[in-house]
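Participant: I am attaching a structure below and will ask some questions about it afterwards.
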Amino acid sequence: MNLDVSFVYYRNFRFDGKFHVRCIGSGLSKVKSIRYELERAGPEGPKQVDAKSVHSQAYSGALVDHGCPATLHTETATGTYTIRPRIRVMDDVSDLPVDSSRSLEMTPLIIDISEGELSRGLLDTVPVDAARGRGRRSVADEQGNEPAGLVQVVDPYGELLESFPYAQPGKSYPPLVLKFNVGGFERFLSELEPDSGSSLVRLWPRLKEVIDPRPFLEQQERLDEKLVALRDYCYLEQPASMLNDTYVTLIKTLAALEYLESLHFVPPDLEPGNLILGAAVALATLITGAAVVAGNNAYDDAQPTPDFEPLQTYLDEPGPRYQGMNVRKAWAKQVRGKGARVHFSDGGLFPDHEDLRGNPNLKIITLEPNGDPNHGTKSVGILLATPNGIGMTGMCHASELYLYNNKARDQDSRARTPKDLLRHVEPGDIVAINRHSANVNVLTTFLPSIHERDWWDMAKALTERGAVVLFAAGNGSTETIADKGTTAGYGVNFSQWPYFHDHGDANAILIGACQSWDGKPHQYSNFAYPHRMLNAWGDSVATLGSGPDRLQDKSGNDRDYTSNYGGTSSATPLVTGALTLIQSYAMEQHHVYLNADQMHLLVMQAGYLDATLPHSSVLPMGARPNVHAALVLLDQILGGGRFHSPRDEL
């Protein structure tokens, strides 16, 4: 009897001296550990250059060990490399032909690194359409729909001099997040000591007695190198005994500390949508036709669920009624997400939904407090719904999906999701944050989580690791506030709106919402992020979960379906699914992975450029993925594959 496992192994598109390998398959429960040995061929035979032994999740119980992932290092040099996996099985396994050490020698994994891989760029070997340049997505002076009178604020100190939100008498200010320079938190604690002689103590002699700065990381977590991006953060709440005016004075004192890098107020948890989406759904229905109601409470609950996959028109090529993402052509050649990993953060989940129940590819990292399970079920359904002949089919249903709840019970748990992501994400993984934020001065405008510095630092750490990180761009404003530059029902221009904090380029990608019928930007979607954007449908998305259309509305929550999921909330899992398919094919066919910048370049070059504004060629939210075209282009770049043969060019 053979062990039902295989290996996913890959390196970056531009070889950086690292090989990544992990194991997949139903036989993982029998694996105790895997030893990987990396060899390089030479004139005197193969030479071992690295080796690692990794415990399995079945043995350790830790999800971070799922698949026994490892990174093997060598110098950045050409040559023929071989990874030799040796699997040690669990002690209770008796049906496998193991040796005396209860091990199995697996088929070697061979990778040839050519000279070109050491310096190549993604688009070096293909003709580039200059009209598709990324600069077209963010030319601020051509947008045409910014609120009148909006002026860019020059603030050399960034958040430190931002105006304080108004706190009503008797109510405290929101909690603060403080980020220190390296070693700054320890210095802060030492300067709070009454006998320190610091300027802080001279101004506030009894400050240590009244404040309680709480670091993001527990003491043992501070030793974890994966969490280093959060090591210098802490929370600070207004002391109950401190008046608001006094607290404001204290904040200004803290802002002046030379070892404090930034501070900002924590916005409250926000719901991901707004009332404007109702109008978008109604318009989509008028243009594309009324939704087909295949089941509702009038039907007996015993009636089987139909196959709703034909309603997933976002999987199709663009046509006269819908502008899809050309996924089915990828499916036709067995590109369904195998070997890729998705990390998705949303508001919750109905894990027993009939189209998700028992799916071994769904790994729930955190579910509680499960505050918005319907929203999360819609998102997960787009990605992972089981291809079982009923309901929907997930875009990348053969991938592994790790789910993180992005709602916090209290301030102490606010850093839970960033910490969990930093622990679990590996190079080449796709990470998506379907969570909104806000500036505490303009709580009626939805912003992406990357607005918050700790989420930005998390994203930067993950992209530097080699992950592709996406954020929902946000659904704009629910109120018109002239002095804040917001208009109800319209998104804000990130390149100009002064209440959005652009901390710099973290190599992340923001996801805007386009109209399903013509691919143009939805007016409610935020736009013009100065670094990277892509877009997908913000209306008419068929998936699991309940919606006002009641596509199927049975008793309970586990057999509901909708055809009008919308907003940047629907656009984000759609782009996530598209990029996961592309990454899956890159890993399986070519044994490479694309980092965030490489992935964005590929999709911008191969994608649909419909999301322009009237009388303009500007792309304020990038391209909409064309999955099939991206795979064709990737084969062209890498010299052949399932979608393009070198003979096609003859």
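Every residue gets a Cβ built from N, Cα and C, even glycine.
For ASP346, HIS375, SER569, the entry in TrEMBL reads active site, charge relay system. Marked as domain 'Peptidase S8/S53' by TrEMBL: 369-606. Here TrEMBL flags 547-567 as region 'Disordered'. What TrEMBL records for 550-561 is compositional bias 'Basic and acidic residues'.
Help me picture where these features are in the structure shown.
Facilitator: Packing around ASP346 (active site, charge relay system) is summarised by its Cβ count: 27 other Cβ atoms lie within 10 angstroms of its Cβ, all protein chains included.
Regional average pLDDT for the domain 'Peptidase S8/S53' (369-606) in the model is 96.
HIS375 (active site, charge relay system) counts 22 other C-beta atoms within 10 Å of its own C-beta, drawing on all protein chains shown.
The DSSP breakdown of the region 'Disordered' (547-567), given as helix, strand and coil counts, is 1 helix, 6 strand, 14 coil.
There are 29 other CB atoms within 10 A of the CB of SER569 (active site, charge relay system), with all protein chains counted.
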Participant: Sorry to bug you, but what's the C-alpha spacing from ASP346 (active site, charge relay system) to HIS375 (active site, charge relay system), rounded to the closest Å?
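Facilitator: HIS375 (active site, charge relay system) to ASP346 (active site, charge relay system), Cα-Cα distance: 7 Å.
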Participant: What Cα-Cα separation, expressed in whole Å, is found between ASP346 (active site, charge relay system) and SER569 (active site, charge relay system)?
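Facilitator: Approximately 9 Å lies between the Cα of ASP346 (active site, charge relay system) and that of SER569 (active site, charge relay system).
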